[in-house]
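First the structure, in the form of structure tokens, and then the observations on it.
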Amino acid sequence: MRIEEDIKLGFKDVLIRPKRSTLKSRSQVDLIRRFSFKYSSSFWSGIPIIAANMDTIGTFSMVRSLSKFNILTAVHKYYSLQEWEKFINSSSKDVLNHIIVSMGISNADFLKIKKIFLLSSEIKYICIDVANGYSEHMVSFVKLVRNFFSDKIICAGNVVTGEMVEELILAGADIVKVGIGPGSVCTTRVKTGVGYPQLSAIIECSDAAHGLDGQIISDGGCTVSGDIAKAFGGGADFVMLGGMLSGHNECSGDIIEEKSKKYMLFYGMSSIVAMNRHSGEIAGYRASEGKVAKIPFRGSVDVTIRDILGGLRSSCTYVGAQKLKELTKRTTFIRVSEQENSIFNMFKE
Ligand code: 5GP
């Protein structure tokens, strides 16, 4: 047994220190980033925020709404080939440019994804996604997918430490997805005692990835737009959001009405609800590692996205970053023991 003594930080442990700036207004801030990749020869430019590949969030309807903002959606892996075909046939090139196709690491997933890419060559991104990216099988699977899709942008995860980021990049990933345990409907840390504070994971993993010309996605744990700014400030190239995008028209989930208020269910992908929905039951050897939450229904995701982007632009102006890309360079974190003054939260609608 070993103990690491240095302090690891989450979003709630820091604030970003303001810096002198020549920017006059947040409208001058450019949130678009232009990416080239380690293996794929594709380029992608857009706002590097990604709707999570959860079955409630990564929907075709989310793709349509978020692509208007130049934001990506990681489409969940439960759509049938027929549903993909219908969606692809009815979508413009621009919409398809904002899709990440998710897959697990089974042969069936691989077969299916090959068929999806036969339907369209416009889609650039693949996300190989497992809760625990530390297995040998994951590494060999990334190699297999890289060999077959030599020019796609491949994301793989989830991991939280630099050495595993390097291993996945060397195996063929362009981008590594980082986060174990920070998610809003995740109970991994409680159930297993395993995890890593997300901001430290970002700082350490982005350093490892950038050293090899790779990139990272910070996945999970953002609860407000300030957390997204901290993730980018810490070195994340992309930020993936689940909970912050839940409860909208574009999500999949029934709307429940209680005492004339509307709610929508949002659940973790390894919660009992998700496991019952997709595999019929929970296998005897595994426990649920996800929660179920009832979210007040919020209407169109457009309003939430505008709010997030406004917050992010404002973060950039506070530190004098004219481009989102400059945010990391201009970020100094200060460790704090307080965040929001919550005195009036009890009166909040
Ligand atoms: P959020 O933005 O809601 O904080 O985090 C979203 C992320 O939580 C997802 O992208 C995924 O990585 C993770 N996640 C989703 N469902 C589950 C679950 O059931 N268990 C765990 N451990 N993580 C989950």
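A Cβ is built for glycine as well, from the same backbone N, Cα and C atoms used for every other residue.
TrEMBL entries are annotated by machine, without manual review.
Note that the structure is a prediction, hence the values are computed from the model and not measured.
Over in TrEMBL, the protein carries these features:
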- Cys186: active site, thioimidate intermediate (ACT_SITE)
- 108-131, 216-239: NADP(+) binding site (BINDING)
- Gly181, Gly183: K(+) binding site (BINDING)
- 9-338: domain 'IMP dehydrogenase/GMP reductase' (DOMAIN)
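Annotated features taken from TrEMBL, shown on the structure.
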{"residue": "Lys114", "record": "NADP(+) binding site", "Cβ within 10 Å": "12"}
{"residue": "Ser120", "record": "NADP(+) binding site", "Cβ within 10 Å": "17"}
{"residue": "Ile126", "record": "NADP(+) binding site", "Cβ within 10 Å": "26"}
{"residue": "Gly181", "record": "K(+) binding site", "Cβ within 10 Å": "24"}
{"residue": "Gly183", "record": "K(+) binding site", "Cβ within 10 Å": "26"}
{"residue": "Cys186", "record": "active site, thioimidate intermediate", "Cβ within 10 Å": "25"}
{"residue": "Ile216", "record": "NADP(+) binding site", "Cβ within 10 Å": "32"}
{"residue": "Cys222", "record": "NADP(+) binding site", "Cβ within 10 Å": "27"}
{"residue": "Ile228", "record": "NADP(+) binding site", "Cβ within 10 Å": "23"}
{"residue": "Gly234", "record": "NADP(+) binding site", "Cβ within 10 Å": "27"}
Residues among the recorded positions Ala108, Ser120, Cys186, Ile228, Gly234 that border ligand 1 - Cβ under 6 angstroms, in sequence order: Cys186
Long-range Cβ environment of Ala108 (NADP(+) binding site), under 8 Å and at least 6 residues apart: none
Reduced DSSP assignment, Gly234 (NADP(+) binding site): helix
Rounded inter-Cα distance in Å - Ile216 (NADP(+) binding site), Cys186 (active site, thioimidate intermediate): 20
